[in-house]
Amino acid sequence: MESQKSAVIVLSGGLDSTTTMGIAKEAGYKLYALTFDYGQRHRRELESAEAVASFYGAVHKVMVLGDLFAESALSEGTLRERPLSEGPLTERPAGETKEDLSSLGFVEQGQLLPATYVPARNVLFLALALSYAEKVKAEAIYMGVNALDNAGYPDCRPAFIEAFQQVVNCGTERGVLGKGVRLETPLIQLEKEEIVSLALQLQCPLHLTHTCYAGQYPACGQCASCVSRRDAFMRLGLVDPLPYQ
């Protein structure tokens, strides 16, 4: 009897990673959920990640990274809070619109990155996910980067994912044999509204997810993450199951 194929899903407990897990589940994979505890301020997501992993019957591993990202944008006590209407656009957190961020060109020009940028976070996350995938003999790694992310964060863009796939192919035993772990980023060209719609089609447990950079519950409703999520539901004429203040 042929064994079930398996995949590692980088699971934060937010909307995007939960939708990505739903996609992997639909594709028939045995799920290995990998969550990173790096002292993030939005620690409520860690509880959500546990609930989502349980919902899908996934093997769930939480990797504690200690103070590696201390003093970075999303670690506890460091996130700048401001209403989205204040300050010039280049000083606001990423997440207002893809067009706003893309028009700035700050990634290519080396200018100011979004206030919520965490240095090389996805480089580390994917490296650790790759090691875990090799250990459990997973065929793929799923990550929920999306169009809004790749407009502002250099380690969320298609070029980065493609480059990391080359790292996998030439830097691992399976890779040099032509059987390297595949990086799957099914949301990378999707806007938030499209992600919500897809999640609902897949019956993803959005009521279990949490998306708030401030780490509050009910969610703050003002940070970039809250705004992009709420707007997506509103454009679809739907009520977000996540409560807001």
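Every residue gets a Cβ built from N, Cα and C, even glycine.
What TrEMBL says about a protein is an automatic prediction, not a curated fact.
Summarising the annotation, TrEMBL assigns ATP binding site to LEU11, SER12, GLY13, GLY14, LEU15, ASP16, SER17, THR18, THR19, THR20, MET21. SER17 (ATP binding site) has a Cβ environment of 26 other Cβ atoms inside 10 Å.
Marked as Zn(2+) binding site by TrEMBL: CYS212, CYS220, CYS223, CYS226. Under the three-state DSSP scheme, CYS220 (Zn(2+) binding site) falls in the coil class.
Per Cα geometry, CYS212 is the residue among the binding-site residues CYS212, CYS220, CYS223 nearest to MET21 (ATP binding site).
When secondary structure is read from DSSP and collapsed to three states, GLY13 (ATP binding site) falls in the coil class. Note: the CA-CA distance between THR19 (ATP binding site) and CYS212 (Zn(2+) binding site) rounds to 17 Å.
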